[in-house]
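Novice: Could you have a look at this structure, given as C-alpha cells, before my questions?
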Amino acid sequence: MTAPVPGSAALAFVKAHGTGNDFVLLPDPQGELALTAALTRALCDRHLGLGGDGAIRLAPGEESPGDPSADVFMDYRNADGSVAEMCGNGVRCVAKYVVDRAPGLDRVRVGSRAGTKEVAVVSRHPDGRVDRLRVDMGAPEVLADDHPLTVGGTRFSAVTVSMGNPHAVLVVEDVDIVPLARLGPAIETHTDFGQGTNVEVIAPLGGGRIAGRIWERGVGETLASGTGASAMAVAAHQRGLVGREVTVTLPGGTLDVRLDDPTLWVTGPAVEVASGQLDPAWWGQARAGEAESTGDPAPSGDAPPTDEPTTTGVM
C-alpha cells in the first residue's frame, strides 16, 4: 500500500538539509501545487525567502514518472528554478519527512525523474526521529574515463558519470586550492554538455577516503551532494584511488558510499531545521512577482506552488 504524504496543502513548509545541502520541502498530498521556476527562486532566495539549494514538492507517488507505485514523488527544482532529475541529499530529507510522521515505517520508495529510490533507516535519535538513512542510488554509468576538456585555454581530463543526472569529476592534488567559482561554471556550461553538468573536484586522502567539492548545475557551489558524492566515489574507483567502500568528505560533512555490482549505496544524515507556514502576504508578493516575470496570471488559490581557470593542483 502506498504510504501517504503527510502534511496539508495550505502554506506549509519544512526546511531540511543533508550534510549542509539544504532544501525547502513543500508537502502536497493532493498534488495541487504548481511549483514554478519563479516561485522556486523566491522560496530559495537566502535574503528574501526561506533560502535553500533547491525546493522539493512532496507529491503523491502516482505522479512519479514510470512508477506510480512509489510511496512519494520528489518534484525537485534547483535554486535557479530549473527542473532536476533528482538529488541524493534531498531524497534522504524526503524519506525522513515521511518516516518521522508514520510510526513503524522504516523504508520508503521515493520516486524521482531519475527513477525510484529505495531508502532505509539506518539509525534514529533517542526520541525515535530518523538520524541516518541509506539510499539505493541505482547503477552508475561511467560515460568516459578520460573526457578531454579545454577551458580558458587549459586542458583538463574528467571522468564523466551519470547518476541519472550528469557529472564531470576532476582528480586534483588539493581541493581547497581549486578556483571552483571560476572553473565550475565554465565546465557546467561547456559545449560538450548540452544540458549542462554538475562539476566535482576530488583528492585522495588514503585509506578509502577522498575529499571533494561540488559545483551544482543550476545552483553553484554547495556544501554537499548525494549524487555528486556518488559520482566522486565512482570516479575515484575508476582511477584506482579507492576500493568499493568510500568515505567522501565534503564541506558540509561526510557521506559513506558503497559500490556494489551493479548498484551504489549512499549513507548519510538528514536533519529537519524548522517547519511552519509561509506568511500569506509574502506569498502574495511572490505570486505577483511570478505574474510580472512571466506575463501569466498568478496561480489561483492560497497554496504555494511552490578569473581564468588554473591548472594548479589539477592532476
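Cβ atoms here come from the backbone N, Cα and C positions, even for glycine.
As annotated by TrEMBL, substrate binding site applies to Asn21, Asn78, Gly88, Asn89, Asn165, Asn198, Glu216, Arg217, Gly226, Thr227. Per TrEMBL, the feature active site, proton donor maps to Cys87. TrEMBL lists Cys87 with the feature active site. Taken from TrEMBL, the feature region 'Disordered' covers 287-315.
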Novice: Among the binding-site residues listed here (Asn21, Asn165), identify the one with the smallest other-Cβ count within 10 Å.
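Specialist: Among the binding-site residues Asn21, Asn165, the lowest count of other Cβ atoms within 10 Å belongs to Asn165.
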Novice: What is the interatomic distance between the Cα atoms of Glu216 (substrate binding site) and Cys87 (active site, proton donor), given in whole Å?
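Specialist: With distance taken Cα to Cα, Cys87 (active site, proton donor) is 10 Å from Glu216 (substrate binding site).
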Novice: Within 10 Å of the Cβ of Gly226 (substrate binding site), how many other Cβ atoms are there?
Specialist: 27
Novice: Between Asn21 (substrate binding site) and the residue listed as 'active site, proton donor', what C-alpha distance do you get in Å?
Specialist: 10
Novice: Taking DSSP as the reference, which of helix, strand or coil describes Gly226 (substrate binding site)?
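Specialist: DSSP call for Gly226 (substrate binding site): helix.
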Novice: Provide the number of Cβ atoms within 10 Å of the Cβ of Gly88 (substrate binding site), excluding the reference atom itself.
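Specialist: Result for Gly88 (substrate binding site): 30 neighbouring Cβ atoms inside 10 Å.
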Novice: Rounding to the nearest whole angstrom, report the longest C-alpha distance spanning Asn21, Asn78, Gly88, Asn89, Asn165, Asn198, Glu216, Arg217, Gly226, Thr227, listed for substrate.
Specialist: 17
Novice: Which of the three DSSP-derived classes (helix, strand, coil) applies to Cys87 (active site, proton donor)?
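Specialist: DSSP assigns Cys87 (active site, proton donor) to coil.
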Novice: Can you tell which of Cys87, Glu216 has the least company, meaning the fewest other C-beta atoms within 10 angstroms of its C-beta, among these recorded positions?
Specialist: Glu216
Novice: For the C-alpha pair, I'd like the distance in angstrom between Gly226 (substrate binding site) and the residue listed as 'active site, proton donor', rounded off.
Specialist: 6
Novice: When you average the Cβ positions of Asn21, Asn78, Gly88, Asn89, Asn165, Asn198, Glu216, Arg217, Gly226, Thr227 for the substrate site, which other residues in that chain have a Cβ within 8 Å of that mean position?
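Specialist: Output for this site, in sequence order: Ala84, Met86, Cys87, Gly90, Ile214, Val219, Thr222, Ser225, Gly228.
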